[in-house]
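As annotated by TrEMBL, active site, 4-aspartylphosphate intermediate applies to Asp388. Annotated Mg(2+) binding site per TrEMBL: Asp388, Thr390, Asp790, Asp794, in sequence order. Annotation comment: TrEMBL describes Asp388, Lys389, Thr390, Glu479, Phe520, Lys543, Arg576, Thr656, Gly657, Asp658, Arg764, Lys770, Asn793, Asp794 as ATP binding site. The annotation domain 'P-type ATPase A' is assigned in TrEMBL to 108-171. Look at TrEMBL and you will find 816-1070 tagged as domain 'P-type ATPase C-terminal'. Per TrEMBL, region 'Disordered' is recorded for 1086-1106, 1125-1148. Sequence annotations record features per position, and here TrEMBL assigns transmembrane segment to 35-53, 73-95, 273-297, 317-342, 847-868, 880-900, 930-954, 966-985, 992-1011, 1041-1064.
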Amino acid sequence: MANIPRLRAVLRHDATQTPEVPYCYYKLVTNVIRAVQINVFVIPVVYGLIYYGCQPISIQGSNHPIIPEITTLPWYTTLVPLVLVLGITAIKDLVDDLARHRMDNEINNRKCEVLLDGRFQVSKWMNIHVGDVVRLKKNDHIPADILLLSSSNPNSLCYVETAELDGETNLKFKMGLKVTDERLQEEGQLAQFDAVIVCEEPNNRLDKFTGTMRWRKDRFPLDLDNMMLRGCRIRNTDECHGLVIFAGADTKIMRNGGKTRFKRTKIDELMNYMVYTIFVILVLLCAGLAIGNTFWYEEVGSKAWYLYDGKDQTASYRGFLSFWGYIIVLNTMVPISLYVSVEVIRLGQSKFINWDLQMYYQEKDTPAKARTTTLNEQLGQIEYIFSDKTGTLTQNIMAFKKCTIAGHTFGDPANPVDFTWNKYADRKFEYLDHSLVACIRSKKDKDTLEFFKLLSLCHTVMVEQKEDELVYQAASPDEGALVTAARNFGFVFLSRTQDTITISEMDQEMTYEMLALLDFNSDRKRMSIILRFPDGRIRLYCKGADTVIYERLSPNSKHKEVTQTALDIFANETLRTLCLCYKDISKQEFDAWAKKHKAASVAMGNREAALDRVYEQIESNLMMIGATAIEDKLQDGVPETIAKLAKADIKIWVLTGDKKGIVSGAARLCGGESLWNIHLYKVPDPFFPEPGRNALIITGGWLNEILYEKKKKRRRLRLKRLGKRPASATPQDAAQPIDDWEKETRQVDFVNMACECEAVICCRVTPKQKANVVSLVKKYKKAVTLSIGDGANDVNMIKTADIGVGISGQEGMQAVMSSDYAFAQFRYLERLLLVHGRWSYIRMCKFLRFFFFKNFAFTLVHFWYSFFSGFSAQVAYEDWFITLYNVMYSSLPVLLVGLLDQDVNDKLSRKFPKLYLPGQQGALFNYKNFFISLFHGIFTSLVIFFIPYGAFLQTMGQNGEAPSDYQSLAVVMASSLIFTVNMQISLETSYWTFVNCFAVLCSIAIYFGIMFDIHSAGIHVIFPSTFTFTGVASNALRQPYLWLTIILTVGITLLPVICIQFLYKTIWPSVADNVQRNRKKYEMEEVEEEKSTPFQRGRRSRRSAYAFSHSRGYADLIASGRSIRRRPATARPNPRDSIREIPQAENI
């Protein structure tokens, strides 16, 4: 019972529910979508009130404080910064939410034709329900997940564009059932449609749909090729009709828009812990000052008659009130604007990545794209890179290079072959062995003719005629290369219907009846086709990976050993290999098998598994014909990029589905010299006794022993409860761990062994295994990981790593859509990490260190002042200075450092990869740096308070008056702090621009401008209770003695910093300091190298990889219709360029 899926039934909107239907899913779900689930202001406001929950109690309105006993600051000192921070956040969210609301309304109000009351009427998308019959026209968006019933094309063929669904721009083919195509073309027929659709529950599987249509006492299987999903668009089809199966939130695209793993950087986690630390320090300081207030009141305050306030309160109670008063006074230690400032910096850094023209790929008009704004500084801390090979390190543009046929190998380099004898030949196709062409043209070698006949027949390539040209569309570049090769050697694929395939065999047109098409998937690693020849023979053609083909060969098959030797040679040359074989089938055997195939095709539970079992029965006792070898060239700049990243101490692991022999070249490419092939669990200790640079190559089967699959684990646990040891079929099974401790030990040993290597290659691995390998390194090494890939099989790996990078290549856009960063070429990874990542990390660390410092220096002045104010929670500054300090006086310079600073330029960052090491070590921002900033702030606050305090003691001004009042002291301390903070950030700035200089000078000018305004008599007259420092600034700052005090204070605070920086850069210089010191010399060397480097032709690219590792093809689609495209009555064009292969079909 556990294997029986949950089902639901769908009736047409006005059909009558019958007892046969267990559950009628009728008008329960509407097609309305809502992307916004919560009011925009709820999150930031609630966060602010909780985070600063102690502060609203001090807010006062009309000078009436809510709790006057602890009110130490006016309401605006806390509320203005809080409102600004939360306001910016709320406005940002409001803009985003309004845009989503507008988009929701636009989508929900789109128009569509729905069958109502026996005729099609225009209705809004929001009014569509499950069970409605809709009519769609060319270029219409599909409003829901719809079962295709019929279309204006022959045999209900419908073309859809899935760019919004999976990012792929090439057209997909959908086809209605034969019975609905014949009986549901007219409006009246559709109105009488009363079938019941029994299908799976709503889910997020874009690649799967299982259902059955019950109509007129018959059952018809339904799969994804019969479904048109929401998010797609109708193309090249004038009109089509469909039945709504899933609507609104139940559609597959909406189900995929749900939970996404939230990635956080190490700096984020560290920053949060530091904020908690600051809060603990705040509480301890306030508790200490409250205790001081208690003792002071007992010893002094209660005995001084002039301090009596008329309140009968104990010293302990006064200390308790003082504690909360100091919580309010010292709250600026907790950085209120830190998170907003960090988000602004990250947004700017993401824009710099998007605008980088050196990461723009002109050939495909593809710029780099930062798809997230929260991980930029993590790019400067990468320790491990996990990369796919095909399409990521290679171009994924395939070329047929070699083959072995009946024991004879063809493809030795010679002069290019002339294909002018073939009118269908592709001009771009090149081949270098004349003997193969001579063998084919002689027509004497039947094995060679059968070899290329198989290539022209056994595939899922779609062909469409456009303007007297035949256009091929293949499910993978591999398959396109093989069909193109067959075409050039005289076996041309011309057209296909559901029942037939037509090819040209050496200028003779032949049509074969297609009886079954057994499609490729990642588990089967092969595809087969069963054909009836014109003479009545039935033959199965099969092509696939050697590992699965050799298991299914007949004992009487010839050339097995010779072909295996050739395959090993091809693999060592890093060519992608594929085995070809055939089997003759009797009519009785096929008829018996066809019945089983039909039963499996309509099964509602585990249909794919049932079909696989049926496929296994027919794909046996195969006869070997030969094997193909396809070249996949390495992308430009890959060796140089890997070498640079290796110098930056970044380890690169290649996770691929290719054969072990093929990936040996990739191991050496990644830096390994000694190759270690691991097959057994027991390894020597130490792992690598031989010195040198080692590369570890692991097969997917051995990796299973480490990862310990869950299915095997459950089985062994059941046997363990029964006290039995499971039988072991292989030595690897005998080594399976029996408990979690042994399993974890094995995984730790594997990770430690692999991390000793310069390169690790995992071959023959599945997408799930790729993700598990990344998880192991994250778990046991606590390292920052990056995954990069280009296909759907890399999505799990990309999502699992700390940072995922997608390459927009030949395998669609699934990897890009799941990634955090995307670009077109692997070589751009060097610039992303060594330049943008490193700069982002340095900038963020410098920003955070200085942000904490300036808040400590500002806030702790209140602490020192408390010792001279009876611990009364009185503030040391003027109220408006406290309000505007973080908002206007000190924010802009440090923000620009976080956005623009750089210690060395981009060329030097790439020339010296060792500059990347501090980020991996977390050396620029950690608890050590945090406490340095804390003690630096303590020292600065001590100087800022005690030097002006000492200068004001027993001081006489030029006019004979003593300027030693509290307000003048506050102005001098505030002025000293502004000069100190802005000059300190100037010392920290490594890269000066006009903007930085303007920001520093502007911050100081704004401070003095605002201070003189709020200290003027005019504003005091208007708001006498709010602005109480009337004339203080003009009176205090006209005293030269006080200016000397400010200069002395600033000088003493900066002098130790200057001395320490000088000592570090001269005695203990870092790599960056040395590069900075010799920057001009290195820049001159760069110029000289550019002048002296002569022009060189590009070297021949390296090759790699193994064939037929693509996604599911078009077999189900082909088998489900009658004709893909009816051939026109006109004659087929004959020019040699009439057939061309393109990677993407034209969108019309």
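Think of each number as a place in line: the chain as shown, counted from 1.
Cβ atoms are placed via backbone N, Cα and C, with glycine included.
Using Asp794 (Mg(2+) binding site) as the reference Cα, a 10 A cut-off selects Asp388 from the recorded positions Asp388, Phe520, Arg576. The sparsest Cβ neighbourhood within 10 Å, among the listed binding-site residues (Arg576, Arg764), is found at Arg764. Looking just at the domain 'P-type ATPase A' (108-171), the mean pLDDT is 86. When Cα-Cα distances from Arg576 (ATP binding site) are compared across the recorded positions Asp388, Thr390, Asp790, the shortest belongs to Thr390.
If you count neighbouring Cβ atoms within 10 Å for each of the binding-site residues Thr390, Asn793, the highest count belongs to Thr390.
Taking CA atoms as the reference points, Thr390 (Mg(2+) binding site) and Gly657 (ATP binding site) are 9 Å apart. Comparing Phe520 (ATP binding site) with Asp790 (Mg(2+) binding site), their Cα atoms are 20 Å apart once rounded. The least crowded of the recorded positions Asp388, Phe520, Asp790, judged by other CB atoms within 10 A of its own CB, is Phe520. Straight-line distance linking the Cα atoms of Arg764 (ATP binding site) and Asp790 (Mg(2+) binding site), rounded to a whole number, equals 17 Å. Just so you know, of the binding-site residues Gly657, Asp794, the Cβ with the fewest other Cβ atoms around it within 10 Å is the one at Gly657. Asp790 (Mg(2+) binding site) sits 8 Å from Asp388 (active site, 4-aspartylphosphate intermediate), taking the Cα positions as reference. Here Asp388 (active site, 4-aspartylphosphate intermediate) is positioned 9 angstrom away from Asn793 (ATP binding site), judged by their C-alpha atoms. Comparing Gly657 (ATP binding site) with Asp388 (active site, 4-aspartylphosphate intermediate), their Cα atoms are 9 Å apart once rounded.
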